[in-house]
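For reference, TrEMBL lists these features for the protein:
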COMPBIAS  698-708  compositional bias 'Polar residues'
DOMAIN    255-633  domain 'Acyltransferase 3'
REGION    691-711  region 'Disordered'
SIGNAL    1-21  signal peptide
TRANSMEM  185-204  transmembrane segment
TRANSMEM  261-282  transmembrane segment
TRANSMEM  302-325  transmembrane segment
TRANSMEM  345-364  transmembrane segment
TRANSMEM  409-429  transmembrane segment
TRANSMEM  436-456  transmembrane segment
TRANSMEM  483-507  transmembrane segment
TRANSMEM  519-542  transmembrane segment
TRANSMEM  562-583  transmembrane segment
TRANSMEM  595-617  transmembrane segment
TRANSMEM  650-671  transmembrane segment
Amino acid sequence: MGNLLWFLGLLCGSLVVLINGEFIEKSQYHRMPKLWQMDDYDECLESPGSDEAPGVYCGLSVVLKPNNRSELWKLIEEFSSDYKRHYNHQVLKRGVCIRRCTKAIEKLSPAERNALTVEPFPIDVRYKFNDGILKDIPTYRAAYQDVVEICVNKELNDTYGLVGHTEILSCDKSTDEVVIDALDMSFLIVLCALVSFVTVSSWYDSSINYKRTSDHYRQPLDSKRNMVWVSFSIQRNWYRLTSRSRDELNQKLRFFQAFRFLTLWLVIVGHVSMLLSFTPTTDSEKLERMMHNVGSMILTNGVQYTQTFLAMSGTLLTIQFCSFVEKRKGKVSFLYVPFAILYRYVRLTPVYAFVILLHATWLLKLQTGPLWRWGAETEQTFCRQNWWTNLLYINNYVHADEPCVQQGWYLGVEFQIFIIAMIVLTTIVKIPRAKVPILGLVLIAAYIIPALFIYYQKLEGTFVVTLEAQRYLLWYDKLYLHAYIPTHINFGNYIQGVLTGLVYCELQKRSINLAQSKAFSIVWHLTFAIVFLSMLPSYMFYVNDFPTPSVWMAACFVVSKNLYGIGAWIVILGCIYGVNGVVKRMLNYPFFEPLGRLTYGAYLVHFSVMRLMFFSVRTPVHYSDLLAVKQTGRLAKEVMLIVTIDHLQLSLVFGATVMSYLMALVLCLLIELLTTALQNHLFGSFKEQKSSPVDAESGTNGTNQTLLNPGFVGKKSEKISYSPETIK
């Protein structure tokens with residue numbers, strides 16, 4: 001899949017070169033100060049002698065002071081004005097050792113020091129994280145602000161004839177010690193308790209396996225009490241994770257496990273790209289050059305890939321809801337909705353809360369480095385302050401610019417839309433005659449509401465992902481906060497997924513098999529190329545600054561975003577019916593079964609893994625030209641640039657994917673599977689108990705959940721497995 005994306009990107013980049021203006025010449029580019037420059041971190045913090053001061057290493061942000069008499073400043077100003085494709089080269093990042101700086105300026109006279117001290121000047125660009133996030137910064141600024149500013153300005157003035165305002169963002173001291181507080185201890189207590197429960201439960205399950213056969217772990221025990229005791233059993237939960245359901249409906253939908261894994265893989269690709277823009281590099285020019293290539297839009301617009309989760313989620317919810325309604329013969333109460341919401345909340349939250357607690361406590365203590373506090377202490381601060389927004393699933397609206405577990409915005413979106421979808425589905429069952437008008441109004445709202453927000457908030461016709469916004473992980477980016485993570489922006493593709501599920505149910509009633517339609521087969525195969533190629537026109541918004549508010553841009557935003565969902569429902573229907581037998585067999589390969597079930601845990605931890613990979617770097621990264629060939633002409637250079645960065649990304653993506661799924665396996669066996677097992681016992685009085693072997697599908701993470709009718713006294717409710725959100 002990754003090679004296909006890059007092939008399409010290279011092909012389109014070769015055939016369509018819609019570049020507005022030339023990229024700056026390399027000789028001129030390297031006249032500008034480097035965006036990143038860092039002293040040796042470990043050498044600076046080596047344990048000092050008894051008569052030496054402690055080593056201190058500080059991360060700085062430097063804002064160059066405008067100087068219209070300098071030709072270099074004019075070059076920086078002109079280059080940075082292309083803010084959608086270039087970094088702001090007025091803002092530099094530095095990592096300096098205080099000991100080195102002190103020695104570098106100790107021979108300067110008072111007049112020279114005064115000349116290198118910059119008077120305050122208006123700064124209207126983002127150059128730092130908000131104050132109050134990192135602790136002890138006021139103390140470090142009071143102690144070292146003058147030293148680092150004079151030191152940095154001496155280097156800038158000697159080399160470039162420029163000076164700037166320098167501000168300390170973080171500092172590490174060689175005498176710093178790890179401080180463990182009550183919250184840190186609570187995490188250890190929770191972790192030890194879970195490990196103890198799993199150990200004891202596994203021992204007990206093994207001790208009652210009198211026949212010493214593996215079938216013992218696949219079968220339910222003879223009493224509910226014993227089943228509760230073995231809920232933590234690692235042997236039993238391993239079989240639940242790796243089992244394959246024989247249920248006909250689950251077999252038809254089995255390919256979704258592969259979709260889950262592949263979609264998360266694409267999400268990781270996108271996040272690697274973002275973190276490459278955040279972390280120090282000696283070759284920022286290559287990232288900026290890539291933004292001048294039309295084919296790079298397939299990667300840049302990778303933010304659309306999360307819409308696959310929403311489309312699949314709506315489809316699965318509806319298909320299983322229809323199956324549930326059929327079993328109930330259309331008798332569904334509105335009281336069923338809050339019960340389903342509660343059931344789902346209990347299902348989702350324990351492992352989510354555990355990850356939040358990890359981020360609020362021990363994540364910061366796992367690594368060190370010049371960037372580590374920027375990437376980990378910020379997360380700790382946000383999680384200690386804003387954890388409640390995550391657990392209420394409103395984090396995509398409340399404190400969205402200070403996110404705890406940033407990728408959790410999707411969970412907030414999906415949970416909110418799930419509630420709406422459940423109400424809509426229950427309503428059309430209760431009032432079948434109003435089915436078409438209700439669905440029509442909901443679909444119209446899914447298009448009109450985001451378009452109105454785009455128009456009145458004066459936003460672009462697409463979600464423009466700028467390199468500069470990625471330097472701050474998109475926290476303060478207006479487009480990210482208002483045109484990417486809100487529920488009303490993402491509502492359309494979920495609802496189109498709901499319609500996909502309803503179409504499937506209707507086709508089933510009429511015994512229509514889409515695999516027999518040649519026209520649908522042609523459309524299905526073309527959809528893959530059309531969806532990826534549809535991302536290329538977004539390039540025009542990177543090249544131009546169209547006036548806002550704009551009706552046509554609001555319409556373009558909504559259509560382009562929801563076009564992905566339309567393509568998704570075509571692909572999903574084709575896979576359900578097996579339009580391409582080879583593809584479906586590949587997607588149904590057993591290898592994907594456990595990976596799909598682990599996707600929720602992997603989604604929760606993959607950004608933590610990537611923090612460890614990216615924020616622990618000591619020096620700026622260099623993009624090595626391992627695949628370099630003799631280049632002739634600009635087009636060859638653009639093609640070579642994409643291939644080179646792709647090689648680096650794929651190695652990082654592979655490492656992040658493997659580590660994320662290994663951590664997800666631990667979470668699955670420690671928390672997720674035992675949660676579902678206990679949940680089944682907790683709600684057991686509301687559902688029918690099966691006498692057949694344990695349902696591996698409904699009991700496992702990431703596959704399905706059990707949707708229960710709240711029921712009334714004297715009524716027997718039925719169990720129906722479904723996957724309300726595709727990640728989970």
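Numbering starts at 1 and runs along the chain as it is shown here.
Every residue gets a Cβ built from N, Cα and C, even glycine.
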Are there three or more C-beta pairs under 8 angstroms joining the transmembrane segment (302-325) and the transmembrane segment (261-282), sequence spacing 6 or more?
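Yes, the transmembrane segment (261-282) contacts the transmembrane segment (302-325).
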Can you give me the average pLDDT across the domain 'Acyltransferase 3' (255-633), rounded to a whole number?
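Taking every residue in the domain 'Acyltransferase 3' (255-633) and averaging pLDDT yields 90.
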Can you tell me which parts of the same chain pack against the transmembrane segment (595-617), counting only residues 6+ beyond its ends and a CB-CB cutoff under 8 A?
241, 256-261, 264, 267-268, 271-272, 275-276, 278-280, 351-352, 355, 358-359, 363, 366-372, 374-376, 379, 405-408, 410, 652, 655-657, 659-661, 663-665, 667-668, 672, 700-703, 727-728
Mark yes when the transmembrane segment (409-429) and the transmembrane segment (650-671) have three or more Cβ pairs under 8 Å (sequence separation 6 or more) and no when they do not.
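Since fewer than 3 Cβ pairs under 8 Å link them, the transmembrane segment (650-671) and the transmembrane segment (409-429) do not come into contact.
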Which sequence positions outside the transmembrane segment (345-364), separated from its termini by at least 6 residues, show Cβ-Cβ distances below 8 Å to it?
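Answer is 183-184, 186-187, 190, 372-373, 376-377, 379-380, 383-384, 387, 390-391, 404-405, 408, 411, 415, 600-601, 604-605, 608, 611, 667, 671-672, 675-676, 679, 682, 701, 705, 725, 728.
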With CB pairs under 8 Å as the measure, which of the listed stretches 409-429, 519-542, 562-583 comes out on top against the transmembrane segment (483-507)?
562-583
